[in-house]
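Below is one structure; the comments refer to it alone.
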Amino acid sequence: SRDNGPDGMEPEGVIESNWNEIVDSFDDMNLSESLLRGIYAYGFEKPSAIQQRAILPCIKGYDVIAQAQSGTGKTATFAISILQQIELDLKATQALVLAPTRELAQQIQKVVMALGDYMGASCHACIGGTNVRAEVQKLQMEAPHIIVGTPGRVFDMLNRRYLSPKYIKMFVLDEADEMLSRGFKDQIYDIFQKLNSNTQVVLLSATMPSDVLEVTKKFMRDPIRILVKKEELTLEGIRQFYINVEREEWKLDTLCDLYETLTITQAVIFINTRRKVDWLTEKMHARDFTVSAMHGDMDQKERDVIMREFRSGSSRVLITTDLLARGIDVQQVSLVINYDLPTNRENYIHRIGRGGRFGRKGVAINMVTEEDKRTLRDIETFYNTSIEEMPLNVADLI
């Protein structure tokens, strides 16, 4: 029946692509010289699957729905598309990006700024947990070309007219499924009402629940649909191991034994609950191991400091929860440890797929108790991948 969703899109299903053009080099995308410089300086060589497919229709001004997970290069896809379309001489906000978390919004802002480094484009992150007055002053002084933000704060700024929709020609919703599941639906609908009806809409989502389909149906015109399949998400190049710890209480000693190996590069350790993050951090500190920790109960300032230290390499081991798996994108991380296996298997790729993006090599180590064995097999089957017992010389692989 047609009421389930638009053509080619079933609720909770996988969308059907209706765009088959593939451009496999950034040079062939008709991008400006200064943008190309930024792309290559950022370390990209060849566009990823989603970039090969989605940048062109975005630049041509089509509404685009892309079904893709993090780790596929989706942020750069819309960042490049926005930067290509901005009129630099027009000192007005021309693109608006919404993201579900502050971390992700800041991450996107960093990518936009890095890629637009040689263009002089301005991009401001509009997020909760920061000083409203300072933000208002900034927006009033000079409207940034691009705003990236969380729905609540962005709507607030539009509503109070500190942010003008007049010249916004491109509206991007990143991780739309996450935003809607976090209860931002009303704010998102309100933001749509404030934008011009001819604003280009680009929507990215890992899954397509009915509330995401509703947005596409209500606010998008004849959208181009692009699917980047799960297997194009890289577990490739990532060596995955498990350690048989038998019992939960033996994980701590195992982690301490691994500590030397962790600090060869930078490592992220994933835990399933915030309280346990604090518990493990305390235990590690008590044994004189240096680790930093981050989770959703911390305030924004604290999280920023920790991320900064980790990005700069001054802190080497970060303990965190899934909430932040999507907001951590650290080039140097080549080791991920699942102290706890993820409670849902989709999160496995969010955790691991960061370690070795775009062919960067990485190692993932899963700590497995007796009870976890089934879950591990389940993950192997789901991703059609193999997870072997960790060899003794694991340090040589990192």
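Using the three backbone atoms N, Cα and C, a Cβ is placed for every residue, glycine included.
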| request: Examine the ranges 174-177, 214-217, 310-313 and name the one recorded by Swiss-Prot as motif 'DEAD box'. | output: 174-177
| query | According to Swiss-Prot, which of these ranges is motif 'Q motif': 24-52, 227-255, 343-371? | reply | 24-52
| said: So if I measure Cβ to Cβ from LYS185 (N6-acetyllysine) and keep only same-chain residues at least 6 apart in sequence, which ones fall under 8 Å? | reply: ASP211
| request: Find the one among the binding-site residues ALA68, GLN69, THR72, LYS74, THR75 whose C-alpha lies closest to that of LYS373 (SUMO2 cross-link). | output: GLN69
| said: If you count CB neighbours within 10 Å, which one among the recorded positions LYS110, LYS166, LYS373 has the smallest count? | reply: LYS166
| By CA distance, which of the recorded positions (LYS110, LYS138, LYS217) lies nearest to GLN69 (ATP binding site)? | LYS110
| request: May I ask you to report the DSSP-based helix, strand or coil state of ALA68 (ATP binding site)? | output: coil
